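Peer 1: Dropping the structure in here first, questions after.
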Amino acid sequence: MKIAVYGKGGIGKSTTSCNISVALARRGQKVLQIGCDPKHDSTFTLTGFLIPTIIDTLQSKDYHYEDIWPEDVIHKGYGGVDCVEAGGPPAGAGCGGYVVGETVKLLKELNAFYEYDIILFDVLGDVVCGGFAAPLNYADYCVIITDNGFDALFAANRITASIREKARTHPLRLAGLVGNRTSRRDLINKYVEACPMPVIEVLPIIEDIRVSRVKGKTLFEMVGSEPSLNYVCNYYLGIADQILSQPEGIVPKEIPDRELFSLLSDLYLNPIGGGGQKKNKKEILLGFTRI
C-alpha cells in the first residue's frame, strides 16, 4: 500500500507522518517513508539527523545507478521504519516532480520499491504544480493534514482538486482528513459537510507533539522516558488501524474558491453559539491575503 500525505506548509505533516509510520510498524508492517521536500527534513524525527538525499547521492555517483547500493540511500529510523529523502533541485531551478520520479526509479533499480508493506510519501506544502502532485501517481490513498483554520482548509481544498484530477487515470482515493493540533473543529465540520469526505482523526493541541519535532524524536520514542504520553500514541495507532483497514476512500469534488471563502467566512462572522471565533471582516480579508 502506498500513501501520500499532503497539507498546508507548516501544518505538521512530517511530524504526523513519522508517528503514523511508527504506528504502522508497530502493527507489524514493513514501512518506508519517503520525504518529498527540498528541505529534506521529513524523516528527522525518525533518524535524529538530516540524512543524505537521493539527489545528493546520484550527483556524487555521476548518476551511475549501478554504483549505488540500498544502504547509500535507505536509512534505518526509529521503530524499524526505513527512511529516504528525495531532496530537490537547487532553489529557483528544476522540478520537484522530476526528483520524485528519479527517487522511485532508483528504488526500483535497487529492487526496494516493492519490498515494503507500506510506502508513505510525505510531500511538501500545497499542490502548486503538477510536479509536486507526482507522488499521487504512485499512491493508493491520499491523507490530508489540516487544522481548523482558513489557510489549511483552502490548501486541503486545492489538494482535493489534484486528487480528483489524478483519479481520472490512477486508482487513487482520498482516505480522509487528519486534523492536527486544533482545539476546535467547527470549520472542519463545515467544510466536510459541504465537501463530503471522511475525517480520520482530530488531534487536540498537545504541546509535546511540537516538542517532539524539536527533539528529533517521535512520540513513540519519547514515551519510553515519559509514559504519560502513551495516550498521544494511541491517536496515531488509531489512524494506522484505519489505514490498514483499506478503506473504500472517495474521489472528492472540491468546492470553488469563492464558495469556500463565503462558506468559511460566514461561520467566522456568524459563529454558532456566539463568541469564540468571531472576527471582523477586515481581519478575515487580511487572513485571506496570506493564501
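Placement of Cβ uses the backbone N, Cα and C atoms for every residue, glycine included.
Below are the features I grabbed from Swiss-Prot:
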type	residues	note
BINDING	GLY10, ILE11, GLY12, LYS13, SER14, THR15, LYS39, ASN180, ARG181	ATP binding site
BINDING	SER14	Mg(2+) binding site
BINDING	CYS95, CYS129	[4Fe-4S] cluster binding site
Peer 1: How many Å lie between the Cα of GLY12 (ATP binding site) and the Cα of CYS95 ([4Fe-4S] cluster binding site)?
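Peer 2: That comes out at 23 Å between the alpha carbons.
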Peer 1: For GLY10 (ATP binding site), just count the other CB atoms lying within 10 A of its CB, please.
Peer 2: 10
Peer 1: For SER14 (ATP binding site), what is the tally of other C-beta atoms lying within 10 angstroms of its C-beta?
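Peer 2: Within a 10 Å radius of the Cβ of SER14 (ATP binding site) lie 23 other Cβ atoms.
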Peer 1: If you measure SER14 (ATP binding site) to CYS95 ([4Fe-4S] cluster binding site) at Cα, how many Å is it?
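Peer 2: Between the Cα atoms of SER14 (ATP binding site) and CYS95 ([4Fe-4S] cluster binding site), the distance comes to 21 Å.
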Peer 1: Cα of GLY10 (ATP binding site) to Cα of CYS95 ([4Fe-4S] cluster binding site): how many Å, rounded?
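Peer 2: With the alpha carbons as reference points, the distance is 21 Å.
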Peer 1: Relative to the Cβ of ARG181 (ATP binding site), which residues of the same chain, six or more apart in sequence, are found under 8 Å away?
Peer 2: GLY12, ASP147, LEU203, PRO204, ILE205, ILE206, ILE209, ARG210
Peer 1: Which is it, of GLY12, LYS39, CYS95: the one of these binding-site residues whose Cβ has the most other Cβ atoms within 10 Å?
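Peer 2: Result of the Cβ crowding comparison: GLY12.
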